[in-house]
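Peer 1: Encoded as structure tokens, here's the structure I'll be asking about.
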């Protein structure tokens, strides 16, 4: 017999510290917490094995293939500062293990069964290096940042959005009215809540019609291009495509998808349709915290963000950073760069484990959304820069005078911040002053400032990084 039966140590085959990763390999950084008594090399090798060619015992069919060509390799192990029980395992996967153009297949391998592996107490995928040889098999975002600006004819400032609330319970007619008021007041976009699909109180087709009417009415009155993220997410791919096609027939500029609950297969199909039919695609990340919230198990959001850039989306929600801790801010900006930029250098202080070259794959605009209002505007402008969407749901609709004045307040605050920045003022230090002086000539902004009161900026100026 040409092989020895029985259970074997993974590290004999899958731990290869002398290996030099190839340019075409997909590289992964895992945070591994092994069970007590399992050595780091064995645990790292087990991760490499179980997420590639390995199984728990030797099988005779191993002899029918070239393991050296197809196996994942744990090529480096480094300790985690301050964590005795954890380490980072670096694994290289040969490109041939993955189907071209399929995020679904990539994740099934890399974050599949291995996460239930008994020898590990916990496992977290911190980052992935996607080689150009693989990213080039994806279409990526339907349009990207520059094409979106050209389509909307909006330059030199962040875009403004608003999620329509209450998210569940409005009739289609009243929903459309709320959309119209926000767009008329000065927002660029309004948004279907991620929960809004097609429920008994408001079927999707009625919503699409009334929102389209709102868009065209607001465009005619303001002379600006407007959009509403029509949520095409549905229970089946066929139904999702039907909704996207109807949106295209209405002539609206943008649709929306919940990419994690809807799934990568559905998302990639929708992104391809959007590219072919001139629709922008807004992506919501509902369910991300189930995957990325725990620090020692699951998958960091930067991996989900990279996966979305490959699968396709023009906007994606990326948290707000405002008022959070400094370290968290650097890490958020790290994956914001991974979404927008063409080339991102390795920088462990920002959580970026690998240098990532996207070779001209279009970028994705990060969306800051959740609990923000006019007083946050200077910080948001400073942190996210021009290529972002700032989304104020309650921060628009919660205005004491109604939706349109709420939209006016946000637009005035944004224009004031952009002007101040362009004049060379320091938004981080003078933020409250900029908003206060703008409020003197905008009663809508003054009223908004009253309701939400000034916030404390918990961080110093940007240039101290």
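Even glycines carry a Cβ here, placed using N, Cα and C.
Annotated active site, proton acceptor per Swiss-Prot: 165, 284, in sequence order. Look at Swiss-Prot and you will find 113, 163, 167, 285, 317, 369 tagged as substrate binding site. Feature annotation from Swiss-Prot assigns N6,N6,N6-trimethyllysine to 4. According to Swiss-Prot, the feature N6-carboxylysine maps to 191, an assignment based on sequence analysis.
Any idea what these are sitting next to in the structure?
Peer 2: DSSP assigns residue 165 (active site, proton acceptor) to coil in the three-state reduction, placing it in neither a helix nor a strand. Taking Cβ-Cβ distances under 8 Å and a sequence gap of 6 or more within the same chain, the neighbours of residue 165 (active site, proton acceptor) are 193, 393, 394, 397.
Counting Cβ atoms from all protein chains shown, residue 284 (active site, proton acceptor) has 28 others lying within 10 Å of its own Cβ.
According to DSSP, residue 285 (substrate binding site) sits in a coil region rather than a helix or strand. Listed in sequence order, 258, 259, 260, 301, 304, 316, 317 are the same-chain residues at least 6 apart in sequence whose CB falls under 8 Å from the CB of residue 285 (substrate binding site).
Look at residue 4 (N6,N6,N6-trimethyllysine): DSSP puts it in coil.
Within 10 Å of the C-beta of residue 191 (N6-carboxylysine) we count 30 further C-beta atoms, all protein chains included. In this structure, residue 191 (N6-carboxylysine) is part of a beta strand by DSSP.
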Peer 1: At its widest, how many Å does the recorded substrate site span between Cα atoms of 113, 163, 167, 285, 317, 369?
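Peer 2: In whole numbers, the farthest two Cα atoms are 37 Å apart.
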Peer 1: I'd like to confirm something. Which of the recorded positions, 113, 167, 284, 369, has a Cα closest to the Cα of residue 4 (N6,N6,N6-trimethyllysine)?
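Peer 2: For residue 4 (N6,N6,N6-trimethyllysine), the closest Cα among 113, 167, 284, 369 is found at 113.
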Peer 1: May I ask which residues of the same chain, at least 6 positions away in sequence, place their Cβ under 8 angstroms from the Cβ of residue 167 (substrate binding site)?
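Peer 2: Correct list: 193, 195, 196.
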Peer 1: Return the residue, from the listed binding-site residues 163, 369, with the maximum count of other C-beta atoms within 10 angstroms of its C-beta.
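Peer 2: Of 163, 369, the one with the most crowded Cβ is 163.
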Peer 1: Which residues in the same chain, at least 6 apart in sequence, have a Cβ under 8 Å from the Cβ of residue 113 (substrate binding site)?
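Peer 2: For residue 113 (substrate binding site), the qualifying residues are 50, 51.
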Peer 1: Validating a neighbour-count step here. Other CB atoms within 10 A of the CB of residue 317 (substrate binding site): how many?
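Peer 2: Neighbour count, Cβ to Cβ under the 10 Å cut-off: 22.
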Peer 1: What three-state class does DSSP give residue 113 (substrate binding site)?
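Peer 2: In three-state terms, residue 113 (substrate binding site) counts as helix.
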